[in-house]
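A.B. asks: Let me give you the structure first, and then I'll get to my questions.
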């Protein structure tokens, strides 16, 4: 016997079917909104957004259209399936119809279902079953060494923030630099960039904005200088993140794609190339900001309390120095950087300096996003799609590098720099494998330059989380980000190309 509740549910479903069936030309968003209203149960709305779902389904239809077009050509079945996955992922990352990490999980799921084809369904998987990888093959990106490297970096940074190591070091630095506006700007920018090499750019920006709060209150009449000082913090954080492999997610993505090709850039090698670029860009940024936002005062008084050095803080500093030292001296002791990254993870967990709530608060979404990008590149290599796109890329190496850098810069300005790196780097690296010949140096340069270019995109308040934090203070207008951000972006492209190219040839 059907009760009243079931009758009401059935009635709603019938109404929905009639609504959808009799209005085939109605906008998809209207249909979804109707269904959302008429599936309300016990006064609670379903936890989904009709606009996001309509965008998701629209992008799915577009991606399927591209898939059927690819399928109609002479392209192998697995390659056409990978075209669908790549286009769908690209559209989702650009539109952010679903969270970025959700797109990464979707990539892995689709590759397992469509390429590995564990159910052995017809019309799925590889045309040649002997070439078809096992489904575990597409789970491996979640346990790549670069994931553990970043995880260790997250835990190390979290411990520093939790115990106040970052604030102690920052106040020590600013105490000695804060004697003139120029020195204060140099100290703030330099320390922000330095700490962003090892910590989250966003966390570093939040800390520095908080620390300069009392200083900003002392210089009420210095409107231009305050704008320049606030701008210097997120821009320095973005630039500083370029300096180490763990400084920014695009760096990890570049290393992950290279590792999949059997190519590596060591921790110290990355720093030898990136740190000079960071120093040059910080200098160029400071000169531009000083020119655009000159201070009126000649001297400034800064009084900050660095706080006491308790035993736990000293212990965290020791582990920090030990970990960084082992990363830099990898060639001397032979321990891979991902293995060294386990030291802070294990030590801080065992000693209780990092608790369950701290672990839950880590940026797991970033790790999943990186893994999704690695999986995307792996699928393109497995299906041969990466080799198929070579014909569409410029043949001249210099034109190719500059085109990749500019495209990554522009794309990262409007979408997540991590998502942009995920999309551009695997396609770019494929150019280094033309005609069956692997140009290892070119592959390294493409991955490195694309990662650098992704971090240079900071021309809008929404370009990076550090930008958004600085914008939220209310002191800076969007046009200020545009002026300085465009300058840094294009000047950065020039210096990355020239200095990076020179150092790559020198080191490799």
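Placement of Cβ uses the backbone N, Cα and C atoms for every residue, glycine included.
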A.B. asks: For the feature transmembrane segment as recorded in TrEMBL, pick the matching range from 362-380, 381-399.
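C.D. replies: Per TrEMBL, the stretch marked transmembrane segment is 362-380.
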A.B. asks: State the residue range annotated as transmembrane segment by TrEMBL; the candidates are 14-47, 82-115.
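C.D. replies: Range annotated as transmembrane segment by TrEMBL: 82-115.
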A.B. asks: I'm checking region-level scores; what's the whole-number mean pLDDT for the domain 'Citrate transporter-like' (91-436)?
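C.D. replies: Averaging the confidence scores along the domain 'Citrate transporter-like' (91-436) gives 87.
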A.B. asks: Sequence-remote contacts (6 or more beyond its ends) of the transmembrane segment (314-329), Cβ cut-off under 8 Å?
C.D. replies: 152, 156, 159-160, 163, 165, 198, 267-268, 271, 335, 337, 340-341, 343-344, 347-348, 351, 353
A.B. asks: The transmembrane segment (52-70) and the transmembrane segment (446-464): do they have three or more Cβ pairs under 8 Å, with pairs 6 or more apart in sequence?
C.D. replies: no
A.B. asks: For the transmembrane segment (335-355), what are the same-chain contacts with Cβ under 8 Å, counting residues 6+ beyond its ends?
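C.D. replies: Non-local partners: 145-146, 148-153, 155-156, 158-159, 162-163, 245-246, 266-267, 312, 315-316, 319-320, 322-323, 326-327.
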A.B. asks: Would the transmembrane segment (82-115) count as touching the transmembrane segment (362-380), if touching means at least three Cβ pairs under 8 Å and pairs must be 6 or more apart in sequence?
C.D. replies: yes
A.B. asks: Please figure out which one of 52-70, 185-215, 227-247, 267-293, 362-380 racks up the most CB pairs under 8 Å against the transmembrane segment (146-165).
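C.D. replies: That would be 362-380.
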